[in-house]
Amino acid sequence: MSGTPIRGTPGGTPLSPTRISRLQEKEELRQLNDRLAVYIDRVRALELENDRLLVKISEKEEVTTREVSGIKNLYESELADARRVLDETAKERARLQIEIGKLRAELEEFNKSYKKKDADLSVAQGRIKDLEVLFHRSEAELNTVLNEKRSLEAEVADLRAQLAKAEDGHAVAKKQLEKETLMRVDLENRCQSLQEDLDFRKNVFEEEIRETRKRHEHRLVEVDTSRQQEYENKMAQALEDLRNQHDEQVKLYKMELEQTYQAKLENAILASDQNDKAAGAAREELKEARMRIESLSHQLSGLQKQASATEDRIRELKETMAGERDKFRKMLDAKEREMTEMRDQMQLQLTEYQELLDVKLALDMEISAYRKLLEGEEERLKLSPSPSSRVTVSRATSSSSSSSTSLVRSSRGKRRRIEAEELSGSGTSGIGTGSISGSSSSSSFQMSQQASATGSISIEEIDLEGKYVQLKNNSEKDQSLGNWRLKRQIGDGEEIAYKFTPKYVLRAGQTVTIWGADAGVSHSPPSVLVWKNQGSWGTGGNIRTYLVNSDGEEVAVRTVTKSVVVRENEEEEDEADFGEEDLFNQQGDPRTTSRGCLVM
C-alpha cells in the first residue's frame, strides 16, 4: 500500500512522529473505507444483478412453461383436429370406396348392358348385312327390271314407231282407199258412162242395124234368113261378153282393194293391242319393282336409324363411364393430395415443435448454468440475495379488434428493445413494462397498433419498415376484392393506394400479402402480390392503413402510433436498467416466425 506524504502545518511547525503515524493511519483507514465502499457497492450491484437475474429466470421459466403448455395445448388441439380430419378423411375414403363399389357394380351393369347392346348390335349388324345383301339383290333385280324396263321401253318405242308407221300406212292406205274409192266411183261413173255410152251405142248400133237391115232388106232380098240371125246372135254375144268381162274386172278390183284394206287395218289393230298389253305389263312390273324398292328402302332406313340410335347410346354410355371414372379418379387424387398436405403440415408442425423444444432445452441449460454461477458466487461471497427491483406486467384483452405495442428503452450507455405480444382488444394495446429505482433519467418510445374491421376482410398484419401489408378473409366464404383499394397515409403526407384487379377473389380463411417492389419478393398470386409501381409502403410516426371496397366504403383499418416517454430513475448510472415482457415479434417476413431469448 503506497503512503501519502505528510506535510507540515501552515506555520511550518514539524509534526511529531505520533501525529505522523496517526495521519498515516487515518489516510490508510480512509483508503480502506473507500475500498470497502467500492466493494460494498460492487456487492450491492452484484446482489441487484443476482436478484434481477433470478427474477428474469423465474419469469423465463414461467414464460417457457406457459409457452410450452400453450404450444402443447395448441399442438394437441391441432393434432386432435388432424386426427379428426384423418378420421373424417378415413370415413370419406370409406364412403368413397363404398361409392366406388357401387359405381363398379353400376359399371359392371353398364358393361353387361353394353355387352347385351353389343350383342344386339352384332345381331343388328348381321341383320343389316342380310338386309344389305337383300338390298344388293333387290338392286340387282331392280337393275334387271330397269334393264327389262328399258328394253320394254325400247320395244314400246319400236312398237310406237311401228304403230306410227302403221298409222302412217293406215293413213296412206286410207288415203289410197279414198283414192281407190274415188277411182271406183270414177270407174263406176265411167262404167256407167260407158254403159250409157254402150247402151247409147247399142241403141245407135241397133238403130244402125235396123237401118242397115232395112237397107240390106232391100239389098239382100235374097240373103238367107239363117245367116242374118247368126250375125245378130254373134253381135249380141260379143256385146254380152264385153259387158261381163268389164263387170268381172270391176268386181275383182273392188274385192282386192277391200281385202287389202281390211287386212292392213286388222294387222294395225292387233299390233296396237299387243303393244298396249306389253306396255301395261311393263308398267305393272315397274310399279311392283318400285313398291318393293320403296319397302326395302324404308326397312333399310329404319334399321340404319336403329343402328345409329344404338351406336349413340353406346357412345353416351362410354362417355358417361369415362366421365364418372375421371370424376372419381380426380376425387381420389384430391383426397390423396389433401392427405399428403395434412401429413406435410403435421410433419412441419412436429418439426417446429421439436425446434421449440430444442430452444427451450437450450434456454433451460443456459438458465441452469447462470443459476449455478450465481449460487457459486453467493457461496464464495457468503451473500444472500436481497431483491430491490420491482417488475410489473399488465395485459388487457377485448374481443372486437387487435393491437400491438413495441417498447424501446434507452439509458446512458445501454439500449434495450422489448417487443410486446399482439393481443386482441378494442382500441387497447398489450404492453410490458419494467422499472428499477435509480437516479439517472431514461427515455423510451412506444409504438401502438390498433385494428378494426366491419366485414369479413381484416388487415391482419403490417410491416413497420413498409415492406408489406397482409389481409385475411375471416369468413367461410370466398370474398371478391375486384376494384377494391388498399390505402395508406403517413401523417399529413400524400395518400397511396393499391388497386386489386377486377377478377381477384380471396378464398375463405386465406391471407394475401401485398409486397412493395423493393422487397425482392416474386409475384405469386393469389397469396403473394407485388406492387410493381410502388417500391415501399413507407414508414413514419403515425401510419393509417385502410381498405375501401368498390362502393368507396371503408371496411377495415389499422393504425400505428409512435409516442416518446421520458422517465427519471433513482439509482446511480452504474446500476442496471431492467424491463421484461413476452416477445412475439411482428416485424419481418410474415411467412417465417422467429422466437428467441436474450440474456443481457
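Including glycine, each Cβ sits where the backbone N, Cα and C put it.
The region 'Head' annotation in Swiss-Prot covers 2-27.
If you look up Swiss-Prot, you'll see SER16 (among others) marked as phosphoserine, on the strength of experimental evidence. Annotation note: SER16 (phosphoserine) sits in a coil segment as assigned by DSSP.
Here the region 'Coil 1A' (28-64) has, by DSSP, the following mix of helix, strand and coil residues: 37 helix, 0 strand, 0 coil. For 28-64, the entry in Swiss-Prot reads region 'Coil 1A'.
The region 'Coil 1B' annotation in Swiss-Prot covers 75-212.
Each residue in the region 'Coil 2' (237-379) has a pLDDT score, and their mean in this model is 81. Positions annotated as region 'Coil 2' by Swiss-Prot: 237-379.
Feature annotation from Swiss-Prot assigns region 'Disordered' to 377-449 (among others).
If you look up Swiss-Prot, you'll see 380-600 marked as region 'Tail'.
Here Swiss-Prot flags 383-410 as compositional bias 'Low complexity'.
Residues or ranges marked as phosphoserine by Swiss-Prot: SER386 (among others).
Annotated motif 'Nuclear localization signal' per Swiss-Prot: 414-419, in sequence order.
Among the features that Swiss-Prot reports, region 'Disordered' is placed at 568-600 (among others).
For 569-583, the entry in Swiss-Prot reads compositional bias 'Acidic residues'.
The compositional bias 'Polar residues' annotation in Swiss-Prot covers 584-600.
Annotated S-farnesyl cysteine per Swiss-Prot: CYS597, in sequence order, evidence recorded as similarity to another entry.
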Give the residue counts of the region 'Coil 2' (237-379) per reduced DSSP state, in the order helix, strand, coil.
143 helix, 0 strand, 0 coil
If you count Cβ atoms within 10 Å of the Cβ of SER16 (phosphoserine), leaving out that atom itself, what do you get?
9
